[in-house]
Amino acid sequence: MTIKSDRWIQVMAREYGMIEPFVAEQVRGGIISYGLSSYGYDMRVADEFKVFTNVFNTLVDPKHFDPRSFVDIRGDYCDIPPNSFALARSVEYFRIPRNVLCIVLGKSTIARCGIIVNVTPLEPEWCGYVTIEISNTTPLPARIYANEGIAQVLFLESDEPPLVSYADKAGKYQNQTGVVPPRL
């Protein structure tokens, strides 16, 4: 596998529609940066959030997750309660090529504040808005700003395509359009 450069990302975004909307440079200056970087793409977080609350639960069970566990918030920012988490989605829509796997890592500016961003790999031929898990590990509320950088996407190209892609197996998160809670 080879990590792909800004040149490759730019061509794939423009010709294949791999990232929409695509920002061809790093946007910075008083904000958490986003856009094209040397070997990746810094995606933004949209203004839709689902913040976890324990009002309806005494146990978090991925096999029996109660969607009432989330409070929907839409705005320029989201304050995540102490020791809690939120789900959000990317501003960008991604179309991953068949021979590419993406690894997504939280931005250091956010991590250095005790806010951890988790996204599972974007698999070959997965399409959709990325659901982003954001954990506040601090004892204070933590603010996330909509339409600013949240995580960097690294593109790894394989020397051969997989036998079965995410699209082939009709993955349960294929073509997601909003913030998507856990599914079985």
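From the backbone N, Cα and C atoms, a Cβ is placed for every residue, glycine too.
According to its DSSP assignment, THR109 (dCTP binding site) is helical. Taken from Swiss-Prot, the feature dCTP binding site covers LYS107, SER108, THR109, ILE110, ALA111, ARG112, GLN152, TYR166, GLN176.
Within 10 Å of the C-beta atom of GLU133 (active site, proton donor/acceptor) sit 14 other C-beta atoms, taking all shown protein chains into account. DSSP assigns GLU133 (active site, proton donor/acceptor) to a strand segment in the three-state reduction. What Swiss-Prot records for GLU133 is active site, proton donor/acceptor, and it gives sequence analysis as the kind of evidence.
Those residues noted as binding dCTP (LYS107, SER108, THR109, ILE110, ALA111, ARG112, GLN152, TYR166, GLN176) have their most widely separated CA atoms at a distance of 33 Å. The Cβ neighbour count for GLN152 (dCTP binding site), using a 10 Å radius over every protein chain in view, is 20.
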